[in-house]
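Let me begin by presenting the structure, written as structure tokens, before commenting on it.
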Amino acid sequence: MKTLQSTLLLLLFVPLIKPAPPTQQDSRIIYDYGTDNFEESIFSQDYEDKYLDGKNIKEKETVIIPNEKSLQLQKDEAITPLPPKKENDEMPTCLLCVCLSGSVYCEEVDIDAVPPLPKESAYLYARFNKIKKLTAKDFADIPNLRRLDFTGNLIEDIEDGTFSKLSLLEELSLAENQLLKLPVLPPKLTLFNAKYNKIKSRGIKANAFKKLNNLTFLYLDHNALESVPLNLPESLRVIHLQFNNIASITDDTFCKANDTSYIRDRIEEIRLEGNPIVLGKHPNSFICLKRLPIGSYF
């Protein structure tokens, strides 16, 4: 009888026992997984924290706070384009310029003075800068220069003797500057360009070109000349004098009034347009030329 009662009680209670829902089973599994890896995850996090802390400490240790003196030094170095030119600097360094086998290129770098040049320099191109003055010291130790180009600067003063030691100089361009007068030119020039300046006739000495027996190309257009320069050498082939204030010429300007047989056969081009002169009023001034000047004849 007792056995039967126990069996009945068992049958009554079995339906009341239900398995845990799936979500609870999953949470138990996840919890078990987390428990199994808890120690490993804690170690990993602790290692990363120590690594980052160490890295931060290292970075903090290597930070150098500059003082006011060092900051000023850095500022001075940053704004100084060229070092001071030394008297005995035998091989100066081209800083803002490019130096290639005797040629120095300093174009559009905003320099306001001629930079130090290597002694072997033969060609200097310093166009479109802010140079205001040329001095004798600029080229005193550069005897092999053959070409100088200062087109497009602000040059208004050229010191006496600036080109006196440049016995090999063949081409000189001072175009597009602020010149009021011409300097003494070196004797071997073949090309001289001083167009687009403010040069008046009184700024050119009477014998400025007389001894330049190799001068072939002369460009003085777009200035303020009142007359054609005197004593132009026989070597000239091209003379540009257009857009000045030239109002008259004489029979001796290009020819020789006392020698009707004289022929100036080397001149190929004379430009006088843009001047107030009427060329047709001076027919004897061109009698020695093979080609008439370009300009107004009426």
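Placement of Cβ uses the backbone N, Cα and C atoms for every residue, glycine included.
For Cys255, the disulfide partner recorded in Swiss-Prot among Cys106, Cys288 is Cys288. Here the Cα atom of Asn258 (N-linked glycosylation site) is found 12 Å from that of Cys288 (disulfide bond). Listed as Cβ neighbours of the repeat 'LRR 4' (180-199) (distance under 8 Å, sequence separation of 6 or more from its ends, same chain) are residues 134, 151, 156, 158, 160-164, 166-174, 205, 208-209, 211-225, 240. Listed in sequence order, Glu170, Pro187, Lys188, Leu189, Thr190, Ser235 are the same-chain residues six or more apart from Asn214 (N-linked glycosylation site) with CB atoms under 8 A from its CB.
Here the Cβ of Asn258 (N-linked glycosylation site) has 8 other Cβ atoms within 10 Å, regardless of which shown protein chain they belong to. Cβ contacts within 10 Å of Cys255 (disulfide bond), excluding its own Cβ and spanning all protein chains shown: 19.
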